[in-house]
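**Q** The structure that follows is given in the form of structure tokens.
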Amino acid sequence: MIELLFPGWLAGIMLACAAGPLGSFVVWRRMSYFGDTLAHASLLGVAFGLLLDVNPFYAVIAVTLLLAGGLVWLEKRPQLAIDTLLGIMAHSALSLGLVVVSLMSNIRVDLMAYLFGDLLAVTPEDLISIAIGVVIVVAILFWQWRNLLSMTISPDLAFVDGVKLQRVKLLLMLVTALTIGVAMKFVGALIITSLLIIPAATARRFARTPEQMAGVAVLVGMVAVTGGLTFSAVYDTPAGPSVVLCAALLFILSMMKKQAS
């Protein structure tokens, strides 16, 4: 049993290390809908990967990165409100991906695995890919932490201090896209954003500094992964949703504790 769970557990722990600090910025900057858009569009990457006979893992990363860059470009053109634009792109990309996959009669596709993930199907090659992605994400966040914080707290002051706002914003969106692309196969397109939001929202109730919040979010994510996989193994439930459910339970407990104190 341990041999079966360990690769998935290790993958989840690594993803939690990236999702903690990144999710903090998603919560601070209210980017959850942006994350949902990229997550839904990731299924389109799967469809293109299968259609072009390319590894869907890399196709998902490519599509999410391209979409993130496109959203930054469209954000500068205020013909439509950004939430309207995100809603249109999210559901259009998800629908197109589902239609393309359904038209591939010669290819057997497990849509449930892509929609809800399968942490228990992690291979050694997957672990290497996740590790590389997590190292890149954490390194960029560490490198740009001060600029990202300045932009989040006060864009005007950040601009005065010489922060290149558009470049930093693009970098944050690309890092978010990379994280979603890496994690999509293991957590699923429909629930991946929750692993960014819930641990960070839970940590926010206990942290006094941004750095504390990022660190606590990582710990919450690790506990959720461990608890969710254990629950999945004992009761034979889907691994990804079990992890998210465990994270949601931790959030509810944090709210109850905060109210009691």
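Cβ coordinates come from backbone N, Cα and C, glycine included.
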**Q** Identify whether E3 and A200 belong to the same side of the membrane as annotated by Swiss-Prot.
**A** no
**Q** What same-chain residues lie close to the topological domain 'Cytoplasmic' (105-121): Cβ under 8 Å, and 6 or more beyond its ends?
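**A** Residues packing against the topological domain 'Cytoplasmic' (105-121) from afar: 4-5, 8-9, 11-12, 43, 46, 50, 56, 98, 184-192, 229, 232, 238-241, 243.
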**Q** Taking contact to mean three or more C-beta pairs under 8 angstroms, with sequence separation of 6 or more, is the transmembrane segment (8-28) in contact with the transmembrane segment (122-142)?
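**A** Answer yes, regions in contact.
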